[in-house]
Amino acid sequence: MSFPKVYWDQAVELAPLFNELVDRVSLDGDFLQQTLARTKEVNSFTGRLLDIHAKMMKLNKKEDVRLGLTRSDYMVDGATDLLLQVELNTISTSSNGLACGVCELHRNLIRQHQRELGLDPESVVGNTAIAQHAEALAGAWAEFNNQSSVVLVVVQPEERYMYDQYWITVALREMYGVTTIRKTMAAIDAEGELRPDGTLIIDGSPVAVVYFRAGYTPNDYPSEAEWRARLLIECSSAIKCPSIAYHLVGTKKIQQELAKENVLERFLDNKADIEKVRKCFAGLWSLENDSIVMSAIESPELFVLKPQREGGGNNIYGDNLRETLVSLKKDGSNELAAYILMQRIFPPESLCYLVREGTCIRENAVSEFGIFGTYLRNKDKVIINDQCGYLMRTKAASLNEGGVVAGYAFLNSVFLT
Ligand code: ADP
Ligand code: MG
Ligand code: MG
């Protein structure tokens, strides 16, 4: 996908600012609890996360070493030419491995057919996601400072992303000599053990870092066992990627709250930085705002209705959006607090070749661009705060949703113009 350098530069510049913002917000436990209080009443998943968070606040548990592997997703708004943030992911930010592979594939194809295509393979931006994610995880492991410790990768029972995750595991072993252990939440509940000093033990090894590649959706918690595992991990001394607080910062409700006037100012000091961050915010509203709800009922095509969910395929559009709002309003129910409204972004369309399972179709498509971020700090010392590779996803312009594994979008790479 051709992608103008100005947007690339802007997203790269924003990455460390969002990393810092996530860290700052995560430290304000009351802000998280208060902002999500109404959501909690109607969304039991967010409620359970908040309960664990509240327990940690009560214990006054401090996370000295904090690790964030984030991904800030953007779309270019065709009407204004602005790069607008779709969402900020703080848990289980995936496709780091696949995105690197697709980028190499595209580079190689252009290299092989350079004469016919007349394109420069170097314009396909190299993807450093795996190398830098591994560097951050290994960095956290080093801060834990126990040679016999491992990185625990939390995965789903029927893991469709195992090949995406595989590359990280390989990089950790080959570049840093760090061992990873893969476990489901249920297995962690059954086998995990917490030593009195807080050390989490799995398969006889102390755990330095817990890298969540599951745990972001209610489907990952089919029984109490998974919730016990989440609590066990949170109570332990292992470095969590993410901690429960980082996880909550990534919720849609917090995104919407941060977009309100004067809220960013609570967390960031530098005025110029605040301006840069704010400039990429699309319109975001809570459903307490009656006039916006009325506008969305009148013109649903201009909005996206979002529940507090992750992983794609959960948003509501068009006629569904209107019907949902009308019925929520009629009931006068608290259910309104389960959603946020967002301005719908319309990225510019272009003709693309979309290949799925060997079949190629030519379609008008739009793209969503995500930039990965890594953040590692130990108390006052920021060890890493950087952008670290990207995810370009392209989908037919006629579709609403956009996830790859959710079945809508295609992996792509950036061709800088
Ligand atoms: P999730 O956490 O489930 O990935 P997202 O907020 O990223 O939730 O929404 C899923 C998809 O819906 C996005 O990948 C994008 O394709 C589409 N989408 C989300 N918000 C907007 C928006 N404001 N305008 C247009 N499309 C959107
Ligand atoms: Mg998300
Ligand atoms: Mg998303």
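Heads up, the Cβ atoms here are built off N, Cα and C, so glycines get one too.
The Cβ of Gln165 (substrate binding site) lies under 8 Å from the Cβ of Gly97, Val153, Val155, Glu159, Arg182, Arg213, each on the same chain and at least six residues away in sequence. Mapped onto three states, the DSSP output places Gln165 (substrate binding site) in helix. Taken from TrEMBL, the feature substrate binding site covers Arg71, Gln165, Arg393.
The Mg(2+) binding site feature in TrEMBL is assigned to Glu87, Asn89, Glu310. The Cβ neighbour count for Asn89 (Mg(2+) binding site), using a 10 Å radius over every protein chain in view, is 22.
For Arg344 (ATP binding site), the same-chain residues 6+ apart in sequence whose C-beta sits under 8 angstroms from its C-beta are Glu301, Leu302, Phe303, Val304, Tyr317. Annotation comment: TrEMBL describes Glu87, Lys252, 306-315, Tyr317, 342-345, Glu368, Lys395, Glu401 as ATP binding site.
The domain 'Glutathione synthase substrate-binding' annotation in TrEMBL covers 150-249.
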> If you run the three-state DSSP split on Tyr317 (ATP binding site), which class comes out?
Replying inline: coil
>> Distance check, please: Cα of Glu310 (Mg(2+) binding site) against Cα of Lys395 (ATP binding site), rounded to an integer number of angstrom.
In response: 18
>> I'd like the per-state residue tally for the domain 'Glutathione synthase substrate-binding' (150-249) from DSSP, helix first, then strand, then coil.
In response: 43 helix, 27 strand, 30 coil
>> Quiz question: given the binding-site residues Pro307, Gly313, which has the greatest number of C-beta atoms lying within 10 angstroms of its own C-beta?
In response: Pro307
>> Sequence gap of 6 or more, Cβ distance under 8 Å: name the residues on the same chain that satisfy this around Lys395 (ATP binding site), in order along the sequence.
In response: Ala365, Val366, Ser367, Glu368, Glu401, Gly402, Tyr408, Ala409, Phe410
> Do you see any of the binding-site residues Asn89, Pro307, Gly313 whose C-alpha is within 10 Å of Arg71 (substrate binding site), and which ones?
Replying inline: Asn89
